């Protein structure tokens with residue numbers, strides 16, 4: 001036997017035995033039907049940037065037909081079977097409607113799916129019960145979307161689930177008790193939704209639960225004792241709900257609890273001292289409840305691990321216990337609105353060497369707090385709030401032992417201070433200072449403007465700025481000032497030019513002073529930063545600058561001496577929401593061109609010299625308009641209010657973190673409005689507030705019926721004009737109306753009976769018109785005084801004299817209402833019909849040109865029949 005065949009034989013045996021080692025992997029590892037399902041799922045949604053500022057790339061970009069889905073971003077397959085087991089599309093910029101039946105049916109092709117993560121996209125829709133069929137899921141994360149509706153109870157069928165994240169959606173209804181079936185669950189996050197009702201008692205079966213987050217919902221009831229028996233809990237977050245009752249005294253059973261958060265609820269009773277004795281506790285948030293009694297820390301372990309203790313905004317009373325000194329690791333302490341009823345002994349804080357944030361506002365102390373002593377007591381303090389207390393400021397020529405300059409934020413608002421604290425000069429790290437609502441006189445120190453980012457000096461007696469001429473020559477390459485509040489002082493002269501150096505300004509409020517001269521044109525330098533500019537109630541003259549500030553959200557120059565026209569450059573203020581030029585000398589026509597500002601919500605032109613007619617225009621978001629006390633004239637077009645859709649219905653606010661008021665956390669818009677016959681100052685403007693004031697002009701003709709489209713209107717004032725004709729019955733559609741004033745016009749006819757059905761209408765004035773007939777009998781009308789109807793010789797009925805002859809209601813009233821509603825519908829639809837009219841005229845021309853004889857024959861016969869029928873009916 002030759003050597004060569006034997007060699008090949010042994011090589012064959014070798015490779016046969018080790019073929020598994022050298023086997024080439026399959027080219028297509030994933031299953032074709034799963035790949036197709038993923039591609040179909042991808043095509044259901046659009047991809048739009050940006051999305052939540054997520055740094056991750058677009059995962060579905062790698063999803064292409066013909067490629068191996070197991071190699072796609074966000075997809076994980078089982079190495080042996082090729083089955084897709086994980087789908088992670090977090091931060092994938094997916095936009096669209098999640099069709100539960102179709103989308104979930106696609107996902108049901110993945111029989112062994114363990115992880116489904118669709119968090120932080122822009123997905124809307126509801127979750128159907130078929131999600132319960134994904135029986136192998138261990139992790140489900142739908143956080144950071146716009147999902148709504150109820151949670152399907154079938155989620156309780158996902159018995160292998162260990163993590164369920166539904167944070168930051170719009171889910172509502174009650175939390176299904178079936179979630180108590182998830183016995184392997186360790187992480188449950190239902191926070192920031194709209195859940196109502198109580199915490200299900202079935203949660204007591206979640207024995208493996210470590211983290212429970214239910215904050216920012218509308219949950220109510222008591223904290224179930226079953227939850228306190230979940231001994232593996234390390235975090236409980238219940239903040240910002242409507243929970244009531246007392247905190248359970250046996251909370252010590254949660255022996256490994258690290259964080260307990262229940263802020264912003266309605267809990268009552270005392271704080272159980274046992275809470276502070278849990279060795280592992282590091283964070284306690286109980287602020288803004290109705291807790292009462294004295295504060296007791298019990299037998300605190302030494303050293304305590306507690307880092308944050310927030311108890312402010314309750315009804316706690318008595319002295320601060322000396323045992324607080326055992327909280328040696330404390331970084332943040334909030335005892336604001338604590339009714340101390342005595343002297344604050346800051347020596348009890350001497351052992352809190354690491355304390356960085358101390359909040360003692362409105363402590364109801366019987367003695368004065370020495371600011372110098374407090375600052376000297378704490379070596380690591382970064383933030384200090386003593387607002388609403390009596391604070392002593394001692395300005396000495398020298399400080400023997402100046403405190404360390406570590407304070408970054410200091411709040412001394414409303415502390416009765418009469419002179420500026422010199423000790424603040426040593427605080428080189430200070431970036432936020434609030435000394436508003438005091439009695440400080442003199443000049444504002446120049447160094448503040450070069451160091452601070454936030455300065456609130458409003459409601460004092462300042463008269464100027466220290467060494468302003470020197471400051472104006474100072475070169476500040478990177479000015480830090482972002483928020484400057486200087487309202488309600490005694491500043492005078494021109495607005496100092498150093499303001500122009502503060503090019504990082506976001507908010508500038510110099511309202512209610514005595515500034516004069518022109519508005520500095522340099523405000524245009526803030527074109528990319530300035531959001532809110534308030535110069536109300538000064539003596540500023542000249543015209544509004546023509547510079548463009550694209551970032552501006554609110555502009556208030558009311559109650560000055562400005563003249564000229566509104567600058568047409570305002571058309572480029574694309575982010576403008578509020579424009580208030582009330583009580584100036586502006587002489588211009590109505591600014592129809594402002595309709596291009598898509599975000600404009602408040603427009604106040606009151607008490608100027610505006611003139612001319614009002615034509616139909618489009619204001620999609622306008623909710624408050626006041627053009628009273630001007631010289632507008634002419635008739636209002638019948639479709640005047642058709643495209644004022646911001647008052648037709650309120651937009652659904654998808655962002656629940658938005659403020660209820662116009663403005664931001666630092667600044668809120670304000671204005672003066674005629675309401676119920678009186679001038680009312682709105683210190684804050686509710687976002688749901690709507691008002692229309694056209695009073696004190698020279699309008700004539702009929703009140704447009706399209707006014708009935710403004711169904712969200714709260715205030716309507718058309719008084720002191722020359723309106724004629726009947727009050728439109730369409731006003732009966734103004735279901736939210738609280739104040740109605742049509743006095744001092746030339747209106748005739750009867751007051752529409754439909755107005756009697758407006759249950760919120762608390763104030764009305766129909767006086768000084770030519771109205772006749774019986775006053776409507778609604779409850780709101782009966783409570784009005786006779787002065788609301790005076791100088792209408794034809795009116796009768798309560799609260800006026802009884803009508804001598806009571807006429808049966810004519811059917812014309814009902815028909816007029818029906819006709820009014822039909823007119824409003826046709827007016828609102830007219831915009832969409834315009835292209836159809838053009839098309840119809842074109843087709844008509846073709847028909848008439850090609851078939852005139854038969855067309856006129858048919859038309860003539862039909863018209864003849866109608867005329868004969870009409871004559872016979874009349875005879």
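Heads up, the Cβ atoms here are built off N, Cα and C, so glycines get one too.
Looking up 717, 862 in Swiss-Prot for N-linked glycosylation site, the annotated residue turns out to be 717. Checking the ranges 802-822, 823-843 against Swiss-Prot, the transmembrane segment annotation falls on 823-843. The shortest Cα-Cα distance between residue 514 (N-linked glycosylation site) and any of the glycosylation sites 299, 490, 633, 757 is the one to 490.
Candidate glycosylation sites: 65, 229. Fewest other C-beta atoms within 10 angstroms, 65. Residue 757 (N-linked glycosylation site) falls within a helical segment according to DSSP. If you draw a 10 Å sphere around the CB of residue 395 (N-linked glycosylation site), it holds 11 other CB atoms from the protein chains shown. Across the structure, residue 146 (N-linked glycosylation site) and residue 181 (N-linked glycosylation site) place their CA atoms 26 angstrom apart.
Neighbour density for residue 181 (N-linked glycosylation site): within 10 A of its CB lie 18 other CB atoms from the protein chains shown. The number of other CB atoms found within 10 A of the CB of residue 514 (N-linked glycosylation site), across every protein chain shown, is 13. Listed by sequence, the residues of this chain that lie at least six past the ends of the repeat 'LRR 2' (134-157) yet keep a Cβ under 8 A from its Cβ atoms are 52, 90, 98, 107-108, 110-128, 163-182, 184, 189, 654.
The average pLDDT the prediction assigns to the repeat 'LRR 21' (597-619) is 94. Sequence-remote contacts of a segment are chain residues at least 6 beyond its ends whose Cβ falls under 8 Å from one of its Cβ atoms, and for the repeat 'LRR 10' (329-351) they are 287, 295, 303-320, 322, 357-367, 369, 373-374, 377-378, 385.
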